[in-house]
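Have a look at the structure below before the remarks.
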Amino acid sequence: MTHINHTAMNLQRCCHCNQKIVTPPFQPQQVIVCPRCSSQLNDGRSWSLRRLALLSITLLLLAPIAFWQPLISIHLFGIQINANVLDGVRLMSEQGDPFTASIVAFCAIAAPLLLPISILSLVLARYLAMNMRPILLMMKHLKEWVMLDVYLVGLGIAAIKMKDYATVYMGHGLIAFSIMSVISILILIHINLDELWRRLYPLEEQADSPRAKTCLACHFTGEPNKKGKCQRCHRPLHHREPLSLQKTWAALIAAMVLLIPANLLPISIFYLNGRRLEDTIYSGVVSLIDSGNWPIAIIVFIASILVPFVKIIIMILLLFSIQFKSHTDPILRMKLLKFVSWIGRWSMLDLFVIALMMTLVNRDMLMSFTMGPAALYFGTAVILTILAVEWLDSRLIWDSYGKSKPSK
């Protein structure tokens, strides 16, 4: 059992609900939970920078194989066709939709590469006594955008769709891609940014000061410096995130508008023996059911139809509860906010499936597959819903409860 020195207790504020809390000195493997909102102030899952750096090097070594080598291959009309990550992005861009291609490229290639590069840059910057703040600030936002696991599920769906038309084989890059996915998940679970901030930029919390504010970027509670910025990360400090509600509302309204054409227009166009077959998101689910692929149909329905609408409905209810100062259980609302934050990324599944299908079915053959106009609207709506959750300051949920009292 860890011995706690009661003479060295810390006084800080929870960055999720603004509760003033007395905590023992933080230890890397210690779990500390806010007594008010049940958010973890220290999750106890902290791996050393050396271990994270070794995993990051492994990721970068696997990346060329995972992204350039075939993930799956098919035999269609006696010809072998390979599908890899980069070809899907290239074909999307060549079809005149570089924005959708850039969304897929960022979530499936750029963000997964930025994660290990950031960790290695952190190690290098530490030894060279360089400014590590920009790296730590960027890493805070990467978690939502590393989607190798979602892409892997999309790969399985694309393979099942193609098995009715061709023989499907596992490609050389699939093992490397799967290992990359597992390693990236392990890194995201065990990298403790709060612990890194405390270790690299140690400062004493100043929660008792009347001018103290909590920084949402590095979670330090203290007085602003002379420029009104956080003493630790040098990000501007505010009582609440400026324009949080306005930005969240704007993103949600734009997403709702975009989801109309996203669901009415075809998201994919399939040519078979000269016949043009268009599928909306909903008709694609129906086609999967008709072909007997019930499990895949359920996954696509949840990820592409249910999740976006449920996420928007929950976010609207949360915004109304904040603006009308509702006294609905704030812990329940916090759980809903965390829930929509977790499920939002899975809506990218459809775009990943489309990117893979485009590489497997060539235009020059009797069969061809192309992206429909709905893909652009759908991808943009998914991005906006993810940003809406990120922009909402969760402390606003607790403001209707008045000033927080120190926990005993």
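Just so you know, glycine gets a Cβ as well, placed from its N, Cα and C.
If you look up TrEMBL, you'll see 52-79 (among others) marked as transmembrane segment. Sequence-distant neighbours of the transmembrane segment (52-79) (same chain, 6+ residues past either end, Cβ-Cβ under 8 Å): 85-86, 109, 112-113, 115-117, 119-120, 123, 155, 158-159, 162, 165-174, 176-177, 179-180, 183-184, 186-187, 190-191, 356, 360-361, 365-367.
Residues or ranges marked as transmembrane segment by TrEMBL: 99-124 (among others).
Tertiary proximity for the transmembrane segment (145-162) is limited to same-chain residues at least six positions away from its ends with a CB under 8 Å from its CB atoms, namely 71-72, 74, 83, 85, 106-108, 111-112, 115, 168, 174, 177-178, 180-181, 184-185, 188, 288, 293, 296, 299-300, 345-346, 348-350, 352-353, 355-357, 360-361. TrEMBL lists 145-162 (among others) with the feature transmembrane segment.
Per TrEMBL, the feature transmembrane segment maps to 168-189 (among others). Counting residues 6+ beyond its ends, the transmembrane segment (168-189) has Cβ neighbours under 8 Å at 45, 52, 55-56, 58-59, 62-63, 65-75, 82-85, 112, 115-116, 119, 143, 146, 148-149, 151-152, 155, 159, 162 in the same chain.
Residues 280-282, 284, 305, 308-309, 312, 315-316, 319, 350, 354, 357, 361, 366-375, 377-378, 380-381, 384-385, 387-388, 391 of the same chain, all 6+ positions outside the transmembrane segment (249-274), place their C-beta atoms under 8 angstroms from a C-beta of that stretch. Under the heading transmembrane segment, TrEMBL lists 249-274 (among others).
Marked as transmembrane segment by TrEMBL: 294-322 (among others).
Taken from TrEMBL, the feature transmembrane segment covers 343-362 (among others). Away from its own ends, the transmembrane segment (343-362) comes close to residues 71-72, 74, 76, 81-85, 87-89, 91-92, 95, 100, 103-104, 107-108, 144-145, 147, 150-151, 153-155, 157-158, 161-162, 166, 267-268, 270, 281, 299-300, 302-304, 307-308, 310-311, 368-371, 375, 378-379, 382, 385-386, 389 of its chain (Cβ-Cβ under 8 Å, at least six residues beyond either end).
Residues or ranges marked as transmembrane segment by TrEMBL: 374-392 (among others).
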